[in-house]
Amino acid sequence: MNISIISIGKLKEKYLKQGIAEYLKRLSSYAKVEVIELPDEKAPENLSAAEMLIVKEKEGIRILDKISDDTHVIALAIEGKQKSSEEFAVSIDRLATYGKSKITFVIGGSLGLSSEVMKRSNESLSFSKMTLPHQLMRLVLLEQVYRAFRINRGEPYHK
């Protein structure tokens, strides 16, 4: 399986980089995983609603440019469907069973994802009703993908 994670914003925190590197290493025996980091749109602090929309649209264009036509796209969004780790594992397994060998997860910037990215997405996933830093979501997502592979193979880890 080929998994891409497209994320807006440069990761600066060393501890997050280390955690991400660890899970990429662990995942290497299950799937080919690629993390694509795209620059965020520079914007002043107090944006109007129209300015926020423009920022999301510009970031959305960058994201859509990196998504291939043959991939199953899962957008990470606070309004997405919440799943348990086991339900998420079943979703990953079903995609593989039905011939979806490419999955792309999309993590937006601090303002979220554009409507065009949401339209392109096959599904929307939420890890919490709480707002989480988009940089932290990379690590959380990789851990859950790793956990899903372990669950699907009946390997210990997820308890």
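In case you wondered, yes, glycine gets a Cβ from its N, Cα and C as well.
What Swiss-Prot lists as S-adenosyl-L-methionine binding site is LEU76, GLY108, PHE127, SER128, LYS129, MET130, THR131, LEU132.
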Under a three-state reading of DSSP, tell me whether LEU76 (S-adenosyl-L-methionine binding site) is helix, strand or coil.
strand
Span of the S-adenosyl-L-methionine site, taken as the largest CA to CA distance across LEU76, GLY108, PHE127, SER128, LYS129, MET130, THR131, LEU132 (Å, rounded to a whole number):
16
Measure from the Cβ of THR131 (S-adenosyl-L-methionine binding site) and count the other Cβ atoms within 10 Å, all protein chains considered.
9
Just counting, how many other CB atoms are there within 10 A of the CB of LYS129 (S-adenosyl-L-methionine binding site)?
8
Who sits close to GLY108 (S-adenosyl-L-methionine binding site): which same-chain residues at least 6 apart have their Cβ under 8 Å from its Cβ?
ILE8, LYS56, GLU59, ILE63, ALA75, LEU76, ALA77, SER114, VAL117, HIS134
Neighbouring CB atoms within 10 angstroms of the CB of PHE127 (S-adenosyl-L-methionine binding site), all protein chains considered, total 18
